[in-house]
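Colleague: One structure, pasted below without further comment.
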């Protein structure tokens with residue numbers, strides 16, 4: 001067959017060349033179709049000419065692939081040559097686990113505080129503050145970690161932050177009172193928060209641009225289910241009825257303290273697993289360390305293909321337009337200021353303002369309302385169990401007086417009304433949301449990796465519509481479902497992370513990712529406190545207003561850069 005003969009003549013040495021494979025496959029399919037159907041003689045002269053032109057094009061592609069010189073290329077082209085294989089899959093799993101470890105440290109505190117309320121003797125105000133402390137830690141540490149990530153490396157940042165974060169998170173299980181626990185959790189969250197940007201940046205800079213969006217969205221699945229993972233661990237641990245006094249600390253070690261320790265362990269595990277992976281080659285080139293970057297690329301190529309590292313076709317890396325060597329002579333504060341200000345100067349200013357507005361809206365909605373999920377679900381199940389909730393929308397359910405609140409109005413002695421039992425419905429609701437969000441994010445990553453802008457607009461539209469429907473539909477269970485879809489706005493967080501990697505130069509990616517996280521968590525912190533007051537004042541108006549806010553985010557998302565289309 002002529003197609004087979006063509007393959008033998010023009011087959012290149014590079015087994016990863018997609019263009020050649022597509023050319024040969026197309027030719028073979030045409031050749032096989034003609035021979036099997038015996039219709040070659042039926043073609044007109046015009047059709048034969050068209051076939052000859054197509055075949056000539058395939059031959060030209062094959063010759064170009066054969067003769068293409070990979071000896072001197074940019075790091076982005078070199079990443080394409082390494083392919084996508086075992087190394088990238090392993091790094092995807094470890095970065096996903098790192099994000100989940102951070103999420104469990106940040107959001108798992110809500111289950112701990114609910115179970116520790118009696119032992120620590122905390123009021124509702126102190127309970128709210130202790131729950132929000134990790135968000136404050138993210139705001140305090142974000143800019144510093146962004147600077148360290150951009151000047152010292154992504155991998156070093158992750159190993160250091162997760163190791164130290166584990167130590168302070170584990171120590172918090174021995175806190176004798178709530179102020180000590182708050183201080184230890186504040187320090188641990190300052191360190192572990194570095195993984196939120198570091199994981200995305202390391203992963204995105206270690207794979208080709210064609211796979212970057214998809215793997216980063218897959219990585220977000222782990223973050224989306226972090227609260228559900230914490231609930232899964234809390235479900236068997238919190239009901240344990242053991243009590244071990246530790247006299248020199250003046251504490252009693254109970255199940256909630258064990259849960260703190262268990263939630264901290266993943267931080268230590270991820271710090272160990274990261275030792276098996278390499279620094280980002282794009283970071284190394286941005287620092288002018290081209291020889292080190294080439295060594296890393298060779299190792300990635302060998303791991304992905306099974307070939308020897310010496311056979312890597314790239315022999316030399318050349319500077320890319322975005323490679324900017326950091327100025328080591330600048331002082332710490334001057335360099336930190338320079339990197340931060342650079343985000344708000346042309347040509348990055350417009351993209352920064354658009355993305356940061358989206359960060360504020362998405363984090364206030366996704367991270368702000370999710371902390372109210374247990375409260376909303378508890379009220380919903382209580383109403384369904386007691387009255388059935390006929391004719392009630394979700395706001396009526398939220399404002400429904402439960403026995404707990406009626407009893408709390410007659411407080412005479414704290415110990416008489418103290419209840420540290422975490423209901424199964426609270427844990428199950430967190431598990432359900434985590435599973436639904438993770439599955440949705442998985443579908444999103446497999447179908448919309450190259451359509452980020454359209455996907456974000458659809459998610460925001462779904463969330464805005466749900467905010468309206470949970471007011472309009474007067475069926476409690478339906479209102480709870482619409483509330484789930486409303487806070488699904490959090491799915492856009494992964495899409496934002498992809499934009500921060502793609503739109504900014506290597507020397508600023510760590511900084512912009514961390515500053516965006518600082519803005520996001522600060523928005524979530526303010527949102528959590530504002531949501532409580534707004535729901536009490538006028539619940540329905542709150543959701544209608546939030547719907548308008550989400551619609552404004554859709555307008556801003558429309559002006560984001562259009563997605564690059566990669567050839568298949």
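Cβ from N, Cα, C; glycine included.
TrEMBL labels come from automatic prediction, so no person has curated them.
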Colleague: Transmembrane segment per TrEMBL: which of the ranges 22-43, 44-65, 66-87, 154-175 is that?
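Modeller: It is 154-175 that TrEMBL describes as transmembrane segment.
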Colleague: TrEMBL tags one of 397-417, 481-501 as transmembrane segment - which one?
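Modeller: Spelled out, TrEMBL records transmembrane segment over residues 481-501, not the other listed ranges.
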Colleague: So are the transmembrane segment (258-277) and the transmembrane segment (89-117) touching or not, going by 3+ C-beta pairs under 8 A with a sequence gap of 6 or more?
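Modeller: In this chain the transmembrane segment (258-277) contacts the transmembrane segment (89-117) - 3 or more Cβ pairs sit under 8 Å.
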Colleague: So which of 89-117, 455-475, 481-501, 543-560 has the most C-beta pairs under 8 Å when paired with the transmembrane segment (129-148)?
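Modeller: Against the transmembrane segment (129-148), the leading stretch is 89-117.
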Colleague: By a Cβ-Cβ criterion of under 8 Å, what residues six or more beyond either terminus of the transmembrane segment (543-560) are in contact with it?
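Modeller: Same-chain contacts beyond the ends: 351, 354-355, 357-358, 361-362, 364-365, 395, 453, 456-457, 460-461, 463-465, 467-468, 470-471, 486, 489, 499.
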Colleague: Per the definition of 3+ C-beta pairs under 8 A with sequence separation of 6 or more, do the transmembrane segment (215-238) and the transmembrane segment (455-475) touch?
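Modeller: Judged by the Cβ rule, the two regions do not touch, with the required three close pairs absent.
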Colleague: Is it the case that the transmembrane segment (513-537) and the transmembrane segment (355-375) have 3 or more CB pairs under 8 Å, with pairs at least 6 apart in sequence?
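Modeller: Yes; at least 3 Cβ pairs under 8 Å.
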Colleague: If we skip the immediate neighbours and take only residues 6+ beyond the ends of the transmembrane segment (455-475), which ones have a Cβ under 8 Å from one of its Cβ atoms?
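Modeller: Result: 358, 362, 365, 389, 391-396, 444, 448, 482-483, 485-489, 491-492, 495-496, 540, 543-544, 546-548, 550-551, 553-554, 557-558, 560.
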Colleague: Thinking of Cβ pairs under 8 Å, which stretch from 89-117, 355-375, 430-448 has the most of them with the transmembrane segment (481-501)?
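Modeller: Looking only at 89-117, 355-375, 430-448, the most contacts with the transmembrane segment (481-501) come from 355-375.
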